[in-house]
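Swiss-Prot lists 1-36 with the feature region 'Disordered'. Annotation source Swiss-Prot lists N-acetylalanine at A2, citing similarity to another entry. The motif 'nuclear localization signal (NLS)' annotation in Swiss-Prot covers 9-12 and rests on similarity to another entry. The phosphoserine annotation in Swiss-Prot covers S23, and the record cites similarity to another entry as its basis. For K137, K141, the entry in Swiss-Prot reads N6-acetyllysine. Look at Swiss-Prot and you will find 141-153 tagged as motif 'nuclear export sequence (NES)', backed by similarity to another entry. The feature substrate binding site is assigned by Swiss-Prot to W174, E184, D204, K206, 267-278. Taken from Swiss-Prot, the feature motif 'Histidine triad motif' applies to 274-278. Under the heading active site, nucleophile, Swiss-Prot lists H276, citing similarity to another entry as support.
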Amino acid sequence: MADTAPQLKRKREQEAEEAETPSTEEKEAGVGNGTSAPVRLPFSGFRVQKVLRESARDKIIFLHGKVNEDSGDTHGEDAVVILEKTPFQVEHVAQLLTGNPELKLQFSNDIYSTYNLFPPRHLSDIKTTVVYPASEKHLQKYMRQDLRLIRETGDDYRSLTLPYLESQSLSIQWVYNILDKKAEADRIVFENPDPSDGFVLIPDLKWNQQQLDDLYLIAICHRRGIRSLRDLTPEHLPLLRNILREGQEAILKRYQVTGDRLRVYLHYLPSYYHLHVHFTALGFEAPGSGVERAHLLAEVIENLECDPKHYQRRTLTFALRTDDPLLQLLQKAQQP
């Protein structure tokens, strides 16, 4: 999917910190809606400083670069650019082999041969996600780091995690831009406008919307002040039920994918602290869908029906990077 700089403002995340692909939290490149008109990157020049992370499996690379060095600022500005090979589109793949495709032989033995095939321009796009200007937090976020599992009690959350989160400058203005139709209004698949129990459903930027195998949408609630799973009580059950039922119905209507082919879940810890729910194709191993982070929405609803304070009391397990100050806070508090 060829996103403009305004659209790219929306990964994440996502993504999940353990994720190898960007998600709806890549929002830092501007505000606005997409266009098919030719566009330019929101900066001039790009001098690679460091490869932050790469994955041959996922065919993705994260680059830190200096930009705008010719604008009078001798030091330039920091930017992160994420390059990702896009999935094949089944309806177009035959075009790669018709006519006289440009090929370079790599290997041949009996009936087996391997080539490098150089596709035409319209079939060789690379998804490019831009984070600009990028802060030190962004550079650390995209750098590969070791992870550790930690168990957080309800008391840990109230005394350590919540104060730590409140001390951080975690802007979610991009979320409000979507909810207020200031950005990406044309990408909204479905909306329940109720200010308390409504939400918008929008494709995650990790999904190019060209095939259903990696379908990925996000439901973002209109109601403000619900940070995460830990805040949920029976008061929020109407909202959660609406997201589950209406989200599945909207996806069935738009994409002909039934609810039993969807994984519908919340992250804990989330990538950003405004309640949102992930809808992914069941066969897609989406970043952050592992047992240490994903909580199925249907089970969240049932837990709240059985115990109104379930998520205030329950011990939750999740992964943190080894350089995350929150990990050190929790580990120190849990030392015997």
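The first residue you see is number 1, and the count goes up from there.
Using N, Cα and C of the backbone, Cβ positions are placed for all residues, glycine too.
Note that the structure is a prediction, hence the values are computed from the model and not measured.
Counting only residues at least six positions away in the same chain, the Cβ atoms of L165, L170, I172, R227, S228 sit under 8 Å from the Cβ of Y273 (substrate binding site). Recorded residues V277 (substrate binding site) and K137 (N6-acetyllysine) have their alpha carbons 24 Å apart, per Cα-Cα distance. With a 10 A radius on its CB, L275 (substrate binding site) counts 26 other CB atoms from all the protein chains. Mapped onto DSSP classes, the motif 'Histidine triad motif' (274-278) shows 0 helix, 3 strand, 2 coil. Here the motif 'nuclear export sequence (NES)' (141-153) has, by DSSP, the following mix of helix, strand and coil residues: 2 helix, 6 strand, 5 coil.
For D204 (substrate binding site), the nearest of the recorded positions by C-alpha distance turns out to be H276; the candidates were K137, K141, H276.
Nearest in space to K141 (N6-acetyllysine), taking C-alpha to C-alpha distance over the recorded positions W174, S271, L275, H276, is S271. Per-residue pLDDT, averaged over the motif 'nuclear localization signal (NLS)' (9-12), rounds to 39.
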